[in-house]
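J.: So TrEMBL says this about it:
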TRANSMEM  B:43-59  transmembrane segment
TRANSMEM  B:66-84  transmembrane segment
TRANSMEM  B:90-112  transmembrane segment
TRANSMEM  B:119-142  transmembrane segment
TRANSMEM  B:162-181  transmembrane segment
TRANSMEM  B:188-204  transmembrane segment
TRANSMEM  B:210-233  transmembrane segment
TRANSMEM  B:245-278  transmembrane segment
TRANSMEM  B:290-308  transmembrane segment
């Protein structure tokens with residue numbers, strides 16, 4: 001999806017030192033942006049710097065960020081899943097259906113997560129089993145999964161989830177640390193280890209950089225990709241449990257538009273949309289930045305739709321700026 | 001004859017005819033000329049948008065900002081019409097098309113000039129353009145009573161039994177047939193998509209061609225902005241929300257390959273018509289409109305599966321033998 005570049009490549013005289021490359025890396029840039037946003041926000045609103053306010057702020061990105069973690073791996077491997085928000089809708093609908101048959105909290109959680117995994121497996125089968133392009137397949141399943149929710153619910157809503165179920169989306173583990181946030185931290189660690197510290201993670205990078213070469217070096221490309229789709233489905237299922245619990249209701253329009261927000265998070269986090277490069281640290285920072293932006297603007301009474309302008313500008317400029325700098329530098333040589 | 005049978009557009013047309021026939025069995029009168037022209041009218045905007053998206057997809061890109069572009073351009077002319085009802089409608093059409101062209105060119109500049117992948121740029125402009133609607137309208141809607149009669153009439157006046165909206169689509173389809181098969185630009189969209197490197201050696205500026213593709217998709221989105229607002233008589237932030245993926249769906253069903261270089265005008269038009277027929281048929285055969293989304297989703301999946309069958313064999317040949325040897 002890119003235009004072949006005609007730029008000449010410069011081979012540096014010296015290799016960068018580890019310190020230098022760490023300072024100028026994408027996550028450091030994001031960290032700087034994050035700190036600036038944090039400082040600006042604390043000056044802009046007197047309510048910003050309170051632990052409870054900051055804790056509230058985490059709620060509007062943790063569910064999306066959970067999906068973004070798995071999506072990052074998927075995008076690094078060169079695939080994409082646009083159906084994640086629809087998986088949330090379907091999983092939430094299935095939980096609502098189970099509720100009508102008297103399911104308790106453990107069954108609800110199980111059904112939500114299982115639906116996510118089944119949907120992920122369906123995507124994974126279409127992409128890896130039949131060898132179809134994931135962007136089109138998941139645009140299809142995106143309508144399909146949410147479509148089932150609409151068939152089941154129409155213009156109705158499921159309500160009245162059991163009291164114990166509310167803990168997942170509304171409960172606190174310790175002081176201001178919500179269950180959602182704790183779960184996010186745990187999964188961020190899990191995905192960090194999976195991507196950057198395991199054989200599996202190296203295989204994901206190898207596939208994203210050159211899947212033919214990866215295949216010839218003995219990596220079971222289809223299996224790895226299938227697992228990544230399963231993981232993305234799983235995370236969407238988990239997000240569905242959290243979101244349903246937080247909203248205490250299910251409508252077919254639940255989580256509408258989240259697929260693009262999750263992708264924005266991943267790309268903002270420095271993952272190459274063309275695959276092969278990216279870090280979990282970057283994605284986590286991007287999630288925090290998006291949380292800071294939306295929460296800070298929210299405190300200033302900026303409507304949600306205007307916030308989305310900032311997110312969009314952030315996405316384009318954070319990606320465009322390094323390219324512009326590089327161009328200017330190359331021209332000077 | 002045997003050549004026609006091998007063309008997938010032919011089978012899509014047969015499928016659409018079969019759908020109409022089946023719906024007519026359940027609900028006699030569905031295939032009447034007035035009903036059918038209604039379905040064509042409902043699909044007209046989608047057809048125009050699908051043609052714009054087709055050009056972009058041909059160059060191995062994707063334009064996710066079309067629906068937001070449409071809504072923003074539509075809101076601009078809606079506001080102008082509200083403030084100054086005296087301005088002639090053809091001029092407003094030109095304004096909508098021009099605003100769309102600018103928004104599309106803006107996408108193109110980032111993609112051509114900076115080499116940022118199209119999906120990233122248009123993902124950003126998708127949210128930005130829609131946010132701008134809220135800003136310029138101050139969060140207000142433009143309601144039906146705010147439009148001048150001629151603003152609403154310019155998609156509805158019937159010429160030769162069909163509303164003008166359909167004739168706009170027909171004119172654009174004809175223009176595309178000429179553009180894609182009879183002009184250097186049209187052929188270069190295919191060349192860039194099939195093999196960008198070879199296109200460069202053939203003297204085609206790949207970046208410029210991609211830029212022009214985005215200009216075209218923007219221009220058509222903007223023009224459809226007027227059509228949409230005039231047809232549904234409302235200007236709001238919510239106009240055509242999520243429609244960008246419906247447009248991609250129409251292209252996919254029409255056999256336009258997401259990896260670029262493959263696709264025809266007939267495919268895009270039939271893909272849009274297919275979705276239009278399904279949406280038109282459901283209420284008639286007493287299926288709740290809530291089934292619409294799942295059915296079009298299933299149609300997309302089916303279309304990709306069927307499209308993929310032919311392509312897969314040649315693509316995977318080397319790897320199959322390698323796997324067998326291992």
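In case you wondered, yes, glycine gets a Cβ from its N, Cα and C as well.
I'd like to know what surrounds each of these features in this structure.
T.: Distant neighbours of the transmembrane segment (B:66-84): 49, 52-53, 92-93, 95-97, 99-100, 103-104, 125-130, 132-133, 136-137, 142, 146-148, 151, 217-218, 221-226, 228-229, 235-244, 247; these residues of the same chain sit at least 6 beyond its ends, with a Cβ under 8 Å from one of its Cβ atoms.
Counting same-chain residues at least six beyond the ends of the transmembrane segment (B:90-112), those with a Cβ under 8 angstroms from any Cβ of the stretch are 61, 63, 65, 69-70, 72-74, 76-77, 80-81, 118, 121-122, 125, 129, 151, 154, 207-208, 210-226.
Listed as Cβ neighbours of the transmembrane segment (B:162-181) (distance under 8 Å, sequence separation of 6 or more from its ends, same chain) are residues 37, 40-41, 44-45, 47-48, 51, 154-156, 187, 189-190, 220, 223, 227, 231, 264-265, 269.
Outside the transmembrane segment (B:188-204), and at least 6 residues removed from its termini, the chain residues within Cβ reach (under 8 Å) are 55, 57-60, 180, 210, 213, 260-262.
Residues 44-45, 48-49, 51-53, 55-56, 58-59, 61, 63, 65-67, 69-78, 92-93, 96-105, 107-109, 111-112, 118, 142, 144, 147, 151-152, 154-156, 165, 168, 172, 185, 189, 192, 239-240 of the same chain sit 6 or more residues outside the transmembrane segment (B:210-233) yet have a Cβ under 8 Å from a Cβ within it.
Sequence-distant contacts of the transmembrane segment (B:245-278) (same chain, six or more residues past either end, CB-CB distance under 8 Å): 8-9, 12-13, 15-16, 19-20, 23, 39-40, 42-43, 46-47, 49-54, 57-62, 64, 66-67, 173, 176-177, 180, 190, 192-195, 292, 295-296, 299-300, 303-304, 307, 311.
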